[in-house]
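One structure is given below, encoded as structure tokens.
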Ligand code: UDX
Ligand code: UDX
Ligand code: ADP
């Protein structure tokens, strides 16, 4: 019987292991983490992450062949396959600050594996890491491991997206496994392939060398983010010319070579992966002496920052160039719908931009708590290349300028403007007339996700801005300068 242990009970490790346990009842799966509250959460009725369908999967397997524990050493020692799914944030100081991946957690996990292992292990990179990390991990294990214990390192990057994690895991477009091209390496690849083959069709399991697998993950995220920056760049041109970005994206996406998905213009992409992975790609290119390639990918992030800035400028310029003391309702704070995750959410930059102009912001998100909002807005962003760097607010300023509302109507009451920053389904069917009646006039809606029916809202009386859509006369008269 194969035993699996996963180090890191986060957004990736938790759902991935739950689905492996569901599909492989004869494999014992243990997820370990150094964070006691995280593990307690996984063992409770209220899981530490919100992910549609996950409760059900965990309920079916927990106590059967899936468990969560803080006894990291024991479970790593017992396992045949050790997945490593720890966080790899962007370095905030020192060499490569603002770009390179911080491998502190990875290195300490690798040293711990070397310390406690008494039997051979397959060590699987699950979290996204810079290309050639496997080589560094191999060295740590070889130099620190016990005599006679052999390790094989595999790269098995995860492609799930938050909000659809369970669906993505149950029916992935592909599973990618990279390993050494030696007999031992091939055997390790085959062992991991056997795990996935219990539910993933064979032609969807791709095997490559280690470096291809590591680079494919960074490249895939860079390509996805690039599509969003491409459509967002076109959205600015649409507003300038009177074209409609939804019509343009639809027409472009009909070309089978391009395809229709991931072409929704927005206030900007967020999430824990896109920016981090592209910055990492940029850093790697620079390290390998490829400045042109680095510059190409850096532009994807620049356009994303430009898009967020452009949105804030549009809000401020439309409202007579000042939002000082005006209440602005912010609907949606998560980086996308169906998740409570706020890592790198565009809402942080937009809110900070509005607060920098002295607005009073009232935020509503169905899955994000007030404490999370306060933490995010108080956080000092690392100062890489930002068009304008804002100092975080003090606690007193925060209390004066930021409120968290129980619903969209409360957020909009007595507001001058509503900004929609996450595409939650419930924002499509709000009673906008009711909101309009409770707002100051002129009442503005700035839709950063193209969720509202622009014509209907204009009929109600709103001044409406929707990313990449033909502008109201009002907005044409108040041009936003970036
Ligand atoms: C292009 C568009 O495809 C077509 O829709 C438009 O109407 C006119 O421009 P064309 O220039 O005839 O058509 O050929 P295309 O197949 O698009 O190739 C353009 C160039 O890209 C060629 O030099 C081709 O070799 C190159 N290419 C294409 C690549 O280098 N890699 C690829 O994967 C595809
Ligand atoms: C992404 C990748 O999709 C996934 O394969 C990888 O494993 C992790 O990173 P995730 O960040 O969870 O997943 O969500 P995703 O759906 O990719 O959205 C990322 C950001 O792009 C969100 O802020 C989303 O709102 C934005 N987005 C997405 C757009 O603005 N427009 C789109 O058309 C699609
Ligand atoms: P991701 O989105 O990649 O899953 P998260 O930050 O959600 O990232 O999860 C990473 C988890 O890894 C965190 O819960 C963290 O406590 C855990 N972790 C980090 N380092 C270690 C370690 N050395 N041993 C065990 N768990 C770790």
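Each Cβ is built from the backbone N, Cα and C atoms, and glycine gets one as well.
What TrEMBL says about this protein:
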| type | residues | note |
| --- | --- | --- |
| BINDING | 8-13, 33, 38, 86-90, 127-128, 162, 273-276, 343 | NAD(+) binding site |
| ACT_SITE | 273 | active site, nucleophile |
| DOMAIN | 329-454 | domain 'UDP-glucose/GDP-mannose dehydrogenase C-terminal' |
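What TrEMBL annotates, mapped onto the structure for a quick look.
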residue: 8; record: NAD(+) binding site; Cβ within 10 Å: 27
residue: 11; record: NAD(+) binding site; Cβ within 10 Å: 23
residue: 33; record: NAD(+) binding site; Cβ within 10 Å: 24
residue: 87; record: NAD(+) binding site; Cβ within 10 Å: 17
residue: 90; record: NAD(+) binding site; Cβ within 10 Å: 20
residue: 162; record: NAD(+) binding site; Cβ within 10 Å: 24
residue: 273; record: active site, nucleophile; Cβ within 10 Å: 24
residue: 275; record: NAD(+) binding site; Cβ within 10 Å: 22
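Among the recorded positions 33, 87, 90, 162, 273, 275, the ones whose Cβ sits under 6 Å from an atom of ligand 3 are, in sequence order, 33, 87. DSSP classifies residue 275 (NAD(+) binding site) as helix under the three-state reduction. With a cut-off of under 6 Å between the Cβ and any atom of ligand 2, the recorded positions 11, 33, 162, 273 reduce to 162, 273. A straight line from the CA of residue 33 (NAD(+) binding site) to the CA of the residue listed as 'active site, nucleophile' spans 21 Å. Helix first, then strand, then coil: DSSP counts for the domain 'UDP-glucose/GDP-mannose dehydrogenase C-terminal' (329-454) stand at 43 helix, 19 strand, 64 coil.
Taken together, the residues of the domain 'UDP-glucose/GDP-mannose dehydrogenase C-terminal' (329-454) have an average pLDDT of 90.
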